[in-house]
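To start, the structure itself, in structure tokens.
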Amino acid sequence: MDFLALFIIYLLLVLASVVLVCIYSGRKQRFPARGLSCITQVSSFVIPRQLQRAIQRVLHRLFHTRSCLFIVLHLALQVAVYGEYTWEVFGYCKEMEFSIHYLLLPYLLLAVNMGFFILCSVTNPGTITQSNQESFLKAYAYDGVMFQKSTTCPTCNVEKPARSKHCSVCNNCVHRFDHHCVWVNNCIGAFNTRFFLIYLFTLTAMAANLAIITAAFLIQVVLLSNIMLGSYIDDQGQEHAVEILFLIQHLFLTFPRIVFMLGFVIVLSLVLGAYCCFTLYLALTNQTSNEWYKSRRYECSCCQALQPHDRHIVYRNVYSQGVWVNLKEIFKPPTSSEKKKTT
């Protein structure tokens, strides 16, 4: 039996062990937590302890400390995609007499995206310190549910303003904290959310634009070659009309890097598009990712059942003041008592 077969059997045994441990583990835990606990338990038996510790150190370094690794990865992916686009797609499309303005649009989007990427990375998101906490305390009213008055951060030793949160990665409290983004190696807070939105939208537009141009090029190749009107002979000697799967295989063998890049940017466009819609929804409703996640607890029936019947908490977003005002707040974040009163 070869190594690959042994490895597959090994993986199947590990998966079966995970399933069995999950079935017989404590059922009072929620499924995600129970599943993670099960995987941890099983991995402790099949993975050497030294390797476990090394993996834990690497994961902690990547996701719990500030690191430039994801910035390097981000730039490397852009270089790889744009290198392939410039080296092959751009030249082929120019020979097919595609509009030069259409072909140069991805480079314009790249320039805009990189500018806002830098702004998002270097801009102070709204770090709260002893010297500036007074202005942040007056920016937003406390809703009494998610944000309580007179709460002190035990790490920063400052009074926490409404809508703020302590970031364990940056080790700072951040005004209107949204999330910590590893791709820009910075927190997304009150003062760089506007940069992050434009960065995200231009990144999505870049991926979609590259996907459209590359797909248009391949479609043009298919139309000019009349391959769909032809036929092929399979391994058994039987003749078949050209089908989609055969066409994709033919294109992949002819233009492997281009087809691979197309698949990558299509998947990236879909993922980023979905995230853009979610981010836009948060902006229009004046919520942060942190607030949206916390609000799920108060809407979850399971969480409500755990509370006494006389202490059920109903959360209401008191910070939303209409679409226009909400968007205006993104681009001009409040820091003082000039902020509108919320009740």
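Using the three backbone atoms N, Cα and C, a Cβ is placed for every residue, glycine included.
TrEMBL has this to say about the protein:
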- 148-295: domain 'Palmitoyltransferase DHHC' (DOMAIN)
- 6-24: transmembrane segment (TRANSMEM)
- 63-82: transmembrane segment (TRANSMEM)
- 102-122: transmembrane segment (TRANSMEM)
- 196-223: transmembrane segment (TRANSMEM)
- 258-284: transmembrane segment (TRANSMEM)
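The transmembrane segment (102-122) shares more Cβ pairs under 8 Å with 196-223 than with any other stretch in the list 63-82, 196-223, 258-284. Long-range Cβ contacts of the transmembrane segment (196-223) within its own chain (Cβ-Cβ under 8 Å, at least 6 residues beyond either end) map to 81, 85, 89, 92-93, 96, 98, 102-103, 105-106, 109-110, 112-113, 116-117, 119-120, 178, 181, 184, 188, 247, 251, 255, 258-259, 261-262, 265-266, 268-269, 272-273, 275-276, 279-280, 283, 330. Within the chain carrying the transmembrane segment (63-82), a Cβ under 8 angstroms from the stretch's Cβ atoms is held by residues 106-107, 110, 117, 121, 168-170, 182-185, 210, 261, 264-265, all 6 or more beyond its ends. Within the same chain, residues 81, 84-85, 88-89, 178, 193, 197, 200-201, 203-204, 207-208, 210-211, 214-215, 217-218, 248, 251-252, 292, 323, 326-327, 330 sit at least 6 positions outside the transmembrane segment (258-284) and bring their C-beta atoms closer than 8 Å to a C-beta of that stretch. Confidence for the domain 'Palmitoyltransferase DHHC' (148-295), expressed as mean pLDDT, is 89.
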